[in-house]
Amino acid sequence: MSWANESITGEFVLLGFSDQPWLEFPLFVVFLTSYIVTIFGNLNIILVSHLDPKLHTPMYFFLTNLSVIDLCYITCTVPQMLVNLRSIRKVISFGGCVVQLFMFLALGATECVLLPVMSFDRFVAICRPLHYSVIMHQRLCLQLAAVSWIIGFGNSVWLSILTLQLPRCGHYVIDHFLCEVPALLKLSCVDVTANEAELFFVSVFFHLTPLSLILTSYAFIARAILKIQSAEGRQKAFGTCSSHLIVVSLFYGTALSVYFLPPSPHSKNRRKMVPLFYGIIAPMLNPLIYTLRNKEVKDAFKRLIKRVFLSKN
């Protein structure tokens, strides 16, 4: 009997770190702070990119998509986590668990596809600067963004169905902070070897394949930067890519450590903490990285502030 047939209105217990209650208040403060900073930082990028004509370029169009992903990413997990950290009953409804599972998978896969798209944009800008406006035209940008979202959500539909159709035989205690596939597979009372193999295949496809494309793009970018004669030109070219490289390292580095590092005595806690990093900390750091390391964004934000104050006066 599937999850849906067993309990549509039931609840699931999210253990989190309930065996270490002294961690709950510090984690509540950290997650609440991260949530506020993430909301403000990503909304800032979305508004500035939309309102400032100088940022109406493919690079900032894709950055806006990344900010939307990060906003949704953190919103589908953190509010429920904050409630559970301050509650005696650490539960999530069946419907809430399904939504959280679906969105977490969809947004993670979408970001996996979008990051190599952003590296392709940087590749064209630096390696084919004279043809940039011809290659990265508006229609192509819209198509690339749409494909990223479609692939991400399509993958989520498939994995969610495969996970939710498994019988759980009355098991309802999830040893995690959130409803994630590996944690949910442990609730099943049947052999899940095939599901684990499918999850591994999907992880390889959505992590190693995009990462290989990104590294290939940056190999060509690095070669092109080294050919630039002026130090100022090299610095400017490197500056446009360094923020994206940091974001890529944070996202793929932590995600890969979950699925590809061999099991260890600390694997249980690692599987809990790493999703928190790429699902909460990374969305908070992304706008900070792009804002603090990007002169165009900082200048655009200053112009926006001036416009707001001038309009009030």
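Backbone N, Cα and C define each Cβ position, glycine as well.
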Is Asn294 placed by Swiss-Prot on the same side of the membrane that Ser49 is on? yes
Among the recorded stretches 28-48, 58-78, 98-118, 144-164, 272-292, which has the greatest number of Cβ pairs closer than 8 Å to the transmembrane segment (201-221)? 98-118
Rank the disulfide-bonded residues Cys97, Cys189 by how many other Cβ atoms lie within 10 Å of each Cβ and give me the one with the fewest. Cys189
Give the three-state DSSP assignment (helix, strand or coil) for Cys189 (disulfide bond). coil
Which residues of the same chain, at least 6 past either end of the transmembrane segment (58-78), have a Cβ under 8 Å from a Cβ in it? 31, 34-35, 38-39, 42-43, 45-46, 49-50, 99-100, 103-104, 107-108, 110-111, 114-115, 117-118, 121-122, 125, 136, 141, 144-145, 148-149, 177-178, 240, 247, 279-280, 282-284, 286-287, 290
